[in-house]
Amino acid sequence: MDQFKPFIAKLATGSSLTRAEAEAAFDQIFAGEVTPAQLGGFLMAMRVRGETVDEIIGAVTAMRARMVRVDAPTDAIDIVGTGGDGHGTFNVSTLASLIVAACGVPVAKHGNRAASSRSGASDVLSALGVRTGLDSAGVEACIRGAGIGFMMAQTHHTAMRHVASARVELGTRTIFNLLGPLCNPAGVTRQLLGVFSQAWLEPLAQVLQALGGKHVWVVHGSDGLDELTTTGPSFVTALEDGAIRSFTITPEMAGLPQATLADLKGGDPETNAAALREALGGKKSAYRDIALLNAAAALVIAAKAKDLKEGVLIGAKAVDSGAASAVLAKLVALSNQDNRAA
């Protein structure tokens, strides 16, 4: 408790923590050694000043050290968003993940229940019949047999129980909104990572660069979505071969029509699950288009497609052939066959 006070004192002066200081501070937080008052003061001091790249690297390092790991193929990918964009859209990354798995790229999907929308990845998967909350062996069996496994944040980041009530009571974004997508329990080095603000594109790419990321796109839609959007341009900061570059993409570059935000709105988990099943069944819609765009980006990241146009064609074939629907059926069967849910 007393060991934590110097970190608060430093932040109170407007100074930032070094990488080592941030790691030490978050190690104490994840060990449950910090009082609620200390935690609240610490998080808000950091938020008001603005979290630095070194502070995030230190926090991620501490969080990764305590996570319950999953063994996945080295070429596995995660399609994930920070959430918190406030738009309540359809579960784009979940549908995109199923499409990518059907294209032969292993997917180690990390997610949670809804934060700002009515239906998070875990919510819609449960509505589809997938058993979430599996332990590492259960997730590994799903990845082996279905090409995709879902890792529930609470199951694999048990240390987060020490911050759960403070996050709810603060009721505003903190550094923890950024940490989850940066701490995939399967240790993926390939990611399509959507963020709630364009300001975080470069910083998060720098964090992943420092922590061994190989090929990552950090993305934000011009409409505010934490995904590649089909309503207009999307901003991308890519990490590849150790180098970072930024560019803009449009749905037209992928051969897709433009949509409106209203077209992309989601509902409750059951509504979104029904729409997802329809999309997997080949129904043409704005949901299908935005999922194909994000799947195409993941296929480019995974070196399965040379560009977005080719990625969309490969993804559409996986949907229209029934392969993506078959992936979901396998995931449902394997997740329920395993009795190791936490």
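Counting starts with 1 at the first residue shown.
Cβ from N, Cα, C; glycine included.
Lifted from Swiss-Prot, the feature list:
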- G81, 84-85, T89, 91-94, 109-117, A121: 5-phospho-alpha-D-ribose 1-diphosphate binding site (BINDING)
- G81, N112: anthranilate 1 binding site (BINDING)
- S93, E227: Mg(2+) 1 binding site (BINDING)
- R167: anthranilate 2 binding site (BINDING)
- D226, E227: Mg(2+) 2 binding site (BINDING)
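Look at the binding-site residues T89, S93, N112 and count other Cβ atoms within 10 Å of each Cβ; N112 has the fewest. Remark: of the binding-site residues H110, R113, the most isolated position is R113 (fewest other Cβ atoms within 10 Å of its Cβ). Here the Cβ of G81 (5-phospho-alpha-D-ribose 1-diphosphate binding site) has 27 other Cβ atoms within 10 Å, regardless of which shown protein chain they belong to. E227 (Mg(2+) 1 binding site) has its Cα within 10 Å of the Cα of these binding-site residues: G81, S93, taken from G81, S93, N112, R113, R167.
Here the CA atom of the residue listed as 'anthranilate 2 binding site' lies 24 Å from the CA atom of S93 (5-phospho-alpha-D-ribose 1-diphosphate binding site). Neighbour count (other Cβ atoms within 10 Å of the Cβ, all protein chains): 29 for E227 (Mg(2+) 1 binding site). Other Cβ atoms within 10 Å of the Cβ of R167 (anthranilate 2 binding site) number 18 in total over all chains. Note on proximity: among N112, R167, D226, the binding-site residues of the record, the Cα nearest G81 (5-phospho-alpha-D-ribose 1-diphosphate binding site) is that of D226. Note on proximity: among N112, R167, D226, the binding-site residues of the record, the Cα nearest T89 (5-phospho-alpha-D-ribose 1-diphosphate binding site) is that of D226.
Across the structure, the residue listed as 'anthranilate 2 binding site' and R113 (5-phospho-alpha-D-ribose 1-diphosphate binding site) place their CA atoms 15 angstrom apart. Comparing R113 (5-phospho-alpha-D-ribose 1-diphosphate binding site) with D226 (Mg(2+) 2 binding site), their Cα atoms are 16 Å apart once rounded.
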